[in-house]
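Remarks on the structure that follows.
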Number of protein chains: 4
Amino acid sequence: MDPTDDQVACFEAGIKFGSLYHQFAGTPVSPESADSLARAIEEAIENQPHCEEVQVSIREEALRAAIDAGDADYVEFTGEFADVDVVVEYEGVTVETAMRMDGDYPLMAIEDVRE
Amino acid sequence: MDPTDDQVACFEAGIKFGSLYHQFAGTPVSPESADSLARAIEEAIENQPHCEEVQVSIREEALRAAIDAGDADYVEFTGEFADVDVVVEYEGVTVETAMRMDGDYPLMAIEDVRE
Amino acid sequence: MDPTDDQVACFEAGIKFGSLYHQFAGTPVSPESADSLARAIEEAIENQPHCEEVQVSIREEALRAAIDAGDADYVEFTGEFADVDVVVEYEGVTVETAMRMDGDYPLMAIEDVRE
Amino acid sequence: MDPTDDQVACFEAGIKFGSLYHQFAGTPVSPESADSLARAIEEAIENQPHCEEVQVSIREEALRAAIDAGDADYVEFTGEFADVDVVVEYEGVTVETAMRMDGDYPLMAIEDVRE
């Protein structure tokens, strides 16, 4: 069957999450550069169609702990270092989604769908 | 409201498309290396949860035309050089999705949702 | 033979250019988000060892022209949209490098090596 | 000063390493998909100018250990999961370079420069 508007809205939200994760995973990041990376992720993904808002909150404690445990003074960006919220609107349907760590896995999930 | 199974299935399908596009966009590609890139994309994304199948079909004519028009003997991979199909299954819901060029834009769309 | 300090310095400079290009190529970018992307690239790559300075200057005219020519209000970031300068220092050797468009190819080159 | 041929050769070798690392870091990888990823990396980077050979050898033991330690049946590709060798030739200068783990850091180094 053809998709309904809420299905398309959820599909679009998924695109945003896959995009931001795989575009920016691997970026060298330190406490000093974390803010500019977070802003760039937000503004880059907000360019995509139907994307209302992206919020990237760096998990500074996890970032500092990873740097302390390693041999360099930066690490490669992965999901463990940020909480991310994305809001998509499509044909009157609003989808709120979030990425949070679930154990050691950065779980992306739909938090709310409303018309 | 909490998402329904079909909404989650569509969200998961979107994640796969965003992931594969932004992981592999920019990869140097030529007619000689197109096959290995296509296979790697398929097998990489099929690792992701709920992903049943990924098919990447290189658009060889577009690839050769772009190389002929440029100054190098390869180009950077973008959506203009591949048709992609992704099938996701989640809790009994099957979602078929595709990326096809729509003018100069690589449009990702849901083709079918069924239980 | 083992590499000399100036050879290592040039190798390190090359790493920075390859990294920044292939980390950020494909990022959605518009005139509104260009600044945050440029700052994030600079600060991310400056984390890497022996990297003294990275300067990313968005080629706004090229960016606006590409957006006007396309079907979306953003494009994917590639070398055609930025001039980049990178300075590396290694064991007293300073290497200045730059990426500039050469026809349609983003040419990365060493501009100066000095001890 | 203008760079010498050996300096340019080393710069080009660095570009290849930065490119391959930051293009492919973050790719979902499992023991089943490791071969196709390795081949794609090799053939993609060999497209780049002056690149004679790329060899990617997956560190299967490290890969399996990381998957056993995690919550998913794949991991994101990083330098810890591959040894990489790259040979560049430029104007009669051959540069052999390698990426090997040095503690927890994927160290990229020049192994040999010869004319």
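Going from the start of the chain as shown, residues are counted 1 onward.
A Cβ is built for glycine as well, from the same backbone N, Cα and C atoms used for every other residue.
Note: TrEMBL annotation is automatic and uncurated.
Here is what TrEMBL says about this protein:
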DOMAIN    C:4-111  domain 'Dihydroneopterin aldolase MtpD C-terminal'
BINDING   C:GLU12, C:MET108  substrate binding site
Here the 10 Å Cβ neighbour count for C:MET108 (substrate binding site) comes out at 25
Does DSSP put C:GLU12 (substrate binding site) in a helix, in a strand, or in coil?
-> helix
For C:GLU12 (substrate binding site), the number of neighbouring Cβ atoms whose distance to its own Cβ is within 10 Å equals 25
Could you tell me how many residues in the domain 'Dihydroneopterin aldolase MtpD C-terminal' (C:4-111) are helical, how many are strand and how many are coil under DSSP?
-> 46 helix, 38 strand, 24 coil
